[in-house]
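Q: Straight from TrEMBL, here's the annotation block:
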- 75-235: domain 'GAIN-B' (DOMAIN)
- 244-503: domain 'G-protein coupled receptors family 2 profile 2' (DOMAIN)
- 1-23: signal peptide (SIGNAL)
- 244-267: transmembrane segment (TRANSMEM)
- 288-314: transmembrane segment (TRANSMEM)
- 320-339: transmembrane segment (TRANSMEM)
- 351-372: transmembrane segment (TRANSMEM)
- 406-431: transmembrane segment (TRANSMEM)
- 452-475: transmembrane segment (TRANSMEM)
- 481-500: transmembrane segment (TRANSMEM)
Amino acid sequence: MDCCWAPFLCLCLLASQSRMAEASQETLNWMEKMEVAARGRSSMSSAELIHGLELKLLNASFWGHNLTLQTRNIQALAFKLNCNFAGLSLSSAALEKVPQAHPQHAMQFPAELTRNACRTRSGDLRLICIYFSSTRFFQKDINSSLLNNYVLGAQLSHGHVSNLSEPVNISFWHNQSLEGYTVTCVFWKERASEHHWGAWSPEGCRTERPSTSQVLCRCDHLTYFAVLMQLSQAPVPAGLLEPLTYISLVGCSISIVASLLTVLLHLQARKQSDSVTRIHMNLHASVLLLNIAFLLSPVLATPTVPGAACVVLAATLHYALLSCLTWMAIEGFNLYLLLGRVYNIYIRRYVLKLCAVGWGLPAFLVLLLLAVKSSVYGPCSIRLSDSQGNSTGFKPMSICWVQNSWVHSVLVMGYGGLTSLFNLVVLAWALRVLNKLRAQEKTPGARACRDTVTVLGLTVLLGTTWALAFFSFSVFLLPQLFLFTILNSLYGFFLFLWFCSQRCRSEAEAEAEMEAFTSSQMVQ
């Protein structure tokens, strides 16, 4: 009897091995198909390809307790688990097929992982892990890059794993130090974007940095994980957020009132205004718009507000900032013309042409960005750090602002840097000219000294304080945050004081001329 069954048993074993080999080969073929798709030669979407691979791994048959498959940019693992699961640690250093020259990664799963699934069913469970070394399937217009281009995913059969009391630990290493970079642990949230099949989100993940070359993500669920990395300004210390927010709120509110009062005073006496005063008023108007948009920005960046409203406000805030910077440059240009032509200048429709530049150029740039890609605007998170300098990653403050790093570098920092540099050059040149004029006067003092004070006050207010934005690093970060916030939130108020001083001086000069004229008439 045993001799009769032996051939059949061998045939069954061979057939079973053949089916398992076919299942493994089918999964491997699907991974190769994904590699081809990563090069842009597939009609299937990223979601279909990834979900297809997950399904094949969950249903694959294999001998032993685990299965490992590998292509150039994708590695897939499957594990057989039971309800006596005591935890699992995986490390790329222990995987034979991973080149050791590549940056390492690791995942650690707690014993709690199978608890909920075992309450509803008994028997074997399947844990699958999929590692990507390419971001092709997770493309999105984000303001960061992925550390090592690694995306590490995990999924458990028969149930969605979330709200774990003991987190899943995902470690990423880099071949070089990550000092100077802002890193944030994120997971891929499906259906969270209108333009792609998902978006990166930091919810439920905590970011830690055990060493300068390691990032540890502690997350309470299973999905696809990555580390967003950005070379940028240092994150704002979490303890400073409240005082900085309070200073901004008070300062911007004072500036709004001061700018409104200045514009009203100008409208009351606009018949006596000249081109210089009109340029000042346009600068006041841009500062007023900037402060109002800035105060509204955090309000419309909340999830309850429609995304289109935040995009509109972000574009308005960017436009107001560009207008403000442009009118600063116009102030410097006007000062150059006044001194270069020895207080005698006439250009036909001068103020109208300046308005076309001051208001039209920023409008053109913002509308061009909206037409090319409106996603450059939207909710932008302000990264916060704890006392150890780690990114908190939970609920960073958000404002409606520029999301694209290239646009921010060119049309915010670059634009502002050129404006500040131009005004500083004009200041140096103006001081040199006034010094020569004062030396030529037989009775130096009154007029030349007043002009020197005028140039210094006007140029400092119109450029110097904004240059503080370029000192947000290292030991300069803390003083820069407070100085920049205080000086620039009160910028409208400082302009109001300047307007009042100029008006008082004009009235005093007019009274002096009137008294001189009256005295001459009486003598005659």
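Along the chain as shown, the residues are counted starting at 1.
Placed from the backbone N, Cα and C atoms, the Cβ positions cover glycine too.
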Q: Output the single range from 244-267, 288-314, 351-372, 481-500 maximising the number of Cβ pairs under 8 Å to the transmembrane segment (320-339).
A: 351-372
Q: Quick test of the contact rule: Cβ under 8 Å, at least six residues beyond the ends. What residues does that give for the transmembrane segment (288-314)?
A: 194, 248-249, 252-253, 255-256, 259-260, 263, 320-321, 323-324, 374, 377-380, 397-403, 489, 492
Q: May I ask you to check whether the transmembrane segment (244-267) and the transmembrane segment (406-431) make contact, with contact taken as at least three Cβ pairs under 8 Å and only pairs 6 or more apart in sequence counted?
A: no
Q: Could you pull the average pLDDT for the domain 'G-protein coupled receptors family 2 profile 2' (244-503)?
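A: Over the domain 'G-protein coupled receptors family 2 profile 2' (244-503), the predicted model scores a mean pLDDT of 81.
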